[in-house]
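Asks: What Swiss-Prot shows for this protein is this:
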type	residues	note
BINDING	72, 74, 87, 90	Zn(2+) 1 binding site
BINDING	463, 465, 467	Mg(2+) binding site
BINDING	813, 887, 894, 897	Zn(2+) 2 binding site
């Protein structure tokens, strides 16, 4: 270290230290003194007259080094020639002043003090080791009680805590010398020194083996963990008590003189000053042999001063400065957003950057951006100076500077040259995914705004209403190469989130291409036949045919396919003109249709697959130009008459009003409850809104015209509003409905829907009341957006943190395990086809055609678009794929299990940081997810209230594990929960399958035939019925008015209903028994009623099987938490237990009800072999299974959401992953956001990395300990090799926050959350951070081990083979001539 300082000022800078890992541990007092450059004895800082540091003070030059470079404090030695000399007068070494940033001092304490992190960071480590509660420990340390350090021969225990009275009593009783005790940190230190860790560890392991109580075992395990940590790390427990304190280098806690003789100082100086003052006072008191009380008080104050220095506010009130705000302690310097980690180490401000407003640059090519000259001049300054010197315009930097300031013409020429092919990076905040920073080649422009290419707006989420963007300049050659190859906008055509193009024409461009490719009946030149596309163009340019005329053209579909014969194609003139922008590889059929936004996206996708990246970029740019041009020529505009209000609107509204009145009457008569009435009213209005919208859209989208034969035909309309929405350029059906239909139902800020809808639309105008209702929802939306952004950002941060070390580390892990992927269906409808789910994955085994048995896909082959088509054509329902979840790589993930890199369209490269990409892909759409999924107009709630099932196909009806009862009307009533109805065609192939709910009425008997569109089943969506399976006479049991049942009077209707209420008496179980109606009168059925059930029968009534005896109103059955949007995603990733989660069965078997115990229902599941299992279900919860039902493992026994931890325990990792992926996807699908499954799988993999040890066997693991899966496997492998008993463990699901905090790397965890806790634990364990993840490397200032920085590439060096000039020339001549476009690209 020495020569580093004294080395010449002009030497080349030394290489930075090379290190491969970093360790953290507790410093011993010797270590602290050894590292220190001297003791700070005085609290003084600077002499305020001379501004020189005081000797032995906090800024002492003798200890910390000189304040001026190469100059001692008294000025005897100045300048370089004396370097390394120590001045004999003031004792200051003559060296550069920067050592004041790195030299530590120390303070010797007069009495030991405890380190607050090890005391108060829960669980208290000192308390754990000594087995003292934190409260008692604090009493000892703050001099309120005594601790026994050596019990001697007395019956007192080691470490026992006694109050002062008891201590004096004990001294009287046993004699003063019989035992030793004390108070304060000194006593605690003696106790810690007396610990024999090895013996203690053995003793604790024995205790664990012997103890029977779970709580005791857990307590002992916690203590053992701390003991083992100290044993293995080589830290000594007494080091947690400090004898001397290190003092931070003065430049890191500066004191800056302000004008007016005042000083601005860092809070740390105040805190150090307090410590030194109290320490010196204590030394003096000890020398004077002051009374014990005074000394004790002073020691306590010293302890408090040191506590405040390390972590102010952790104990007691925070010490405040003169301005009443708490002082910032050492811990606060590290913590939180503005702490060292997040402010300075993870994110830094950079030079060579600028920012400005953006404007659109429609004439730019995709790889360009417009950079204002002013900005370019400033950014490229050093380059310009260099070039000016090279050219000989100037000789010195100073004159170059002058020249640039005067903006001489030569400067602009040089600037043009410097800028050429030097990419710049543009960034728009917030950067939510990697496409938020992209590289462009700058084009110099006048003005002060940056020009941005319109096609990259989607990726940046930018618009031109005043957004700003930042420009950054890559300097080194390496960074320029990376910028060009990896970040250029032309290399980021596909989105990493779903693999579809993200560079897609939008708005005007879409409208232009849409208008071009529409056909109009009766246009000029209709039905003409042309010999070639060129002829069409000539005719159009001469005005002989209209753009939208339908014509026949003789042409080849794909110009690239020479074997094809020309054919007559039906098309329009506009499509032929659009064909001119296509590359030769893309067939004409790709655009021979009306091109809306979706079709354009598909076109770019097809082009990327067929013609490659370069052609796609050219196509995108040409589409942009064509789109803008023809949108301009079309001159589409909208006026108020374009909003056509449907004629039947009033009739629909009147009918709805009548229906609502009808419902109101039913409610007044007491037939339905208030909740049901509300639900039905909302439903009626939602339906009516839909009807009006349907009629209006029908009117808008069609128009009747007369064709050339004089016949009337209906064609898609040319209404401007319709065209905008239909093409996907702007607006949606929802918005048009509000313009010309009716606004519909509105929501209150609480998310409830107001039951009076707004029947007017914007064209008619709103009344004051209607306007007021609207403002409600609108303001809520604005407030939500503001809050949402922060939440979304936080979710992304947690996701990145948990997944940052998921990197592609090997090509193939060789696993034999995978996931079975099938189409995603909901209610018999296929939501996502199997093809979309397997595209870009790698097959696990060979995939065979089920009929011909030929191999479609070989094992370990990537499934591309062609193979997907093969698999779909073969009609495969399920295929086994490799997945990230089953990847066996120890660190990171293998390329085969990950599959395709979605943004590049081929198998993922080594070193790709797939974890971060996954986190960004999930977090980026987060801002779009609404806080609560209330869709104005209740379209969301319509989906839930499905009341019947219609068959989609013709065929025979089959019941699949359905248990039914035929009721009095002769219908089959469903009595089981997870039954399904299937429709099979004549060959016996199943065409569709639906789940049917309990209590549904089946309209068609088993094996009966059904036509398409016929109703299969219907049910009441607003109540959950309780049905009887048998007929007989009703008897009530424990249904006592005022105890378990209340007759509730409805204020409005005056009618009463019998409702089951909660009772204080736990023995009472309200139930309805069905007695045999015959002579015997025995009980043949018994039904327990949950709280809130409404009784539908009277006592002694005779009923039939399938009748409803009670119903539970829907409000209470909505227990499945309807947390929508972001909170739901966060809840899933945090693996929280839902509020009322359902108890699930762990085994297959038959259900019986056992005796109730403690007011809980007992459900017994009896398997065919083995022991029955019992489950207790809290009373008042509705049990969804019935006596005698057969349940499978993992099925819920009651209402409620699933608990992911239960799924993992019962059904295993794959089922859990499937559940999490499907649930997260459901939230995003509601918002129309596409995310590939594999991103969610990557995160789930990170959540499942750890296992919990159940049995330790003969390994070194601890019971209940959470360890990484591979650590557990390695330990077991060792045990097997030595013939010992292995440990057993269960998989563990950690939420993303927990998982981030428990990563191997303590640096990464500390920079995430709970910094002090993480560092405390790491120091005790003497943890070594091997710097494997991204975050810890960024913090240490190294290249990240991903992308171009992975270890395999890090040590590559380029070297140029020597070649003569002639060889070089011949090689150049041999190179093929590049055409102009290739050179441009």
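The backbone N, Cα and C atoms fix where each Cβ goes, glycine too.
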Asks: Got a sec? Which of these binding-site residues, 465, 467, has the most Cβ atoms within 10 Å?
Replies: 467
Asks: List only the single closest residue to residue 463 (Mg(2+) binding site), chosen from the binding-site residues 74, 90, 813, 887, 897 by CA-CA distance.
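Replies: Going through 74, 90, 813, 887, 897 one by one, the Cα closest to that of residue 463 (Mg(2+) binding site) is 897.
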Asks: Select the most exposed residue of 74, 87, 887, where exposure means the fewest other Cβ atoms within 10 Å, treating these as the binding-site residues.
Replies: 74
Asks: Please report how many Å separate the Cα atom of residue 813 (Zn(2+) 2 binding site) from that of residue 465 (Mg(2+) binding site), as a whole number.
Replies: 50
Asks: Measure from the Cα of residue 74 (Zn(2+) 1 binding site) to the Cα of every one of the binding-site residues 465, 467, 887, 894, 897, then give the nearest.
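Replies: Of all the candidates listed, 467 is nearest in space.
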Asks: Which ones in the same chain are close to residue 90 (Zn(2+) 1 binding site), with CB under 8 Å and 6+ residues apart in sequence?
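Replies: Long-range Cβ contacts: 55, 61, 62, 72, 73, 74, 76.
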Asks: Using a 10 Å cut-off on Cβ-Cβ distances across all protein chains shown, tell me which of the binding-site residues (813, 894) has the largest neighbour count.
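Replies: Per the Cβ count within 10 Å, the most buried is 894.
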Asks: For a quick check of packing: other C-beta atoms within 10 Å of the C-beta of residue 463 (Mg(2+) binding site), how many?
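Replies: I count 11 other Cβ atoms within 10 Å of it.
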Asks: Check the binding-site residues 72, 897 for other C-beta atoms within 10 angstroms of each C-beta and report the one with the most.
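Replies: Result for the most crowded candidate: 897.
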Asks: Enumerate the residues of the same chain, 813, 887, 894, 897 excluded, that satisfy the criterion Cβ within 8 A of the mean position of the Cβ atoms of the recorded Zn(2+) 2 site; list them in sequence order.
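Replies: After dropping the recorded site residues, what remains is 810, 812, 815, 882, 884, 886, 888, 889, 893, 895, 896, 898.
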Asks: Starting from the Mg(2+) site formed by 463, 465, 467, give every other residue of that chain whose CB sits within 8 Å of the mean position of their CB atoms, in sequence order.
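Replies: Filtered neighbour residues, in order: 358, 462, 464, 466.
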Asks: Excluding 72, 74, 87, 90 themselves, which residues in that chain have a Cβ inside 8 Å of the centre of the Cβ atoms defining the Zn(2+) 1 site?
Replies: 61, 73, 75, 76, 77, 89, 91, 92
Asks: Have a look at the binding-site residues 87, 465, 467 and say which one has the shortest Cα distance to residue 894 (Zn(2+) 2 binding site).
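Replies: Comparing Cα positions, the closest of these binding-site residues turns out to be 467.
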Asks: Would you identify the secondary structure of residue 894 (Zn(2+) 2 binding site) according to DSSP, in three states?
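Replies: Assignment for residue 894 (Zn(2+) 2 binding site) reads strand.
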Asks: For the C-alpha pair, I'd like the distance in angstrom between residue 887 (Zn(2+) 2 binding site) and residue 87 (Zn(2+) 1 binding site), rounded off.
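Replies: About 65 Å separates the two Cα atoms.
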Asks: Relative to the Cα of residue 87 (Zn(2+) 1 binding site), which of the binding-site residues 465, 467, 897 has the closest Cα?
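Replies: If we rank 465, 467, 897 by Cα distance to residue 87 (Zn(2+) 1 binding site), first place goes to 467.
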Asks: Roughly how many Å lie between the Cα atoms of residue 467 (Mg(2+) binding site) and residue 897 (Zn(2+) 2 binding site), rounded to a whole value?
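Replies: Residue 467 (Mg(2+) binding site) and residue 897 (Zn(2+) 2 binding site) have their Cα atoms 41 Å apart.
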